[in-house]
């Protein structure tokens, strides 16, 4: 039945990505892919926070729901790759480089922050 948890999590993650990414992009009012960056950083933070929680306290089915399903659908490496490729094709090399650096640096930082927050809250 784990597949059902993954599917349901993916459903909610995809809807969340659609609304959060669209809202962030509209709010920013720029051609820079802020929406994708936002969901990737948010998802990275949440995985850092939740992976430790689920490792110790939650049933494996819920880990499949949140980590594989929800966060897998919320974050999007393929869209990040596509948007960066488009920037390069349009000759916006510097913007593409900034997009790459921000996605990698902010996502890694967000994951570390999430893990640190979990350890602080639960004293692990």
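Placed from the backbone N, Cα and C atoms, the Cβ positions cover glycine too.
Per TrEMBL, the feature transmembrane segment maps to 34-53, 65-82, 94-118. Among the features that TrEMBL reports, Na(+) binding site is placed at 72, 75.
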C-beta crowding around residue 75 (Na(+) binding site), within 10 angstroms: 21
For residue 72 (Na(+) binding site): intrachain residues, at least 6 apart, with Cβ closer than 8 Å: 6, 9, 10, 13
Three-class DSSP secondary structure - residue 72 (Na(+) binding site): helix
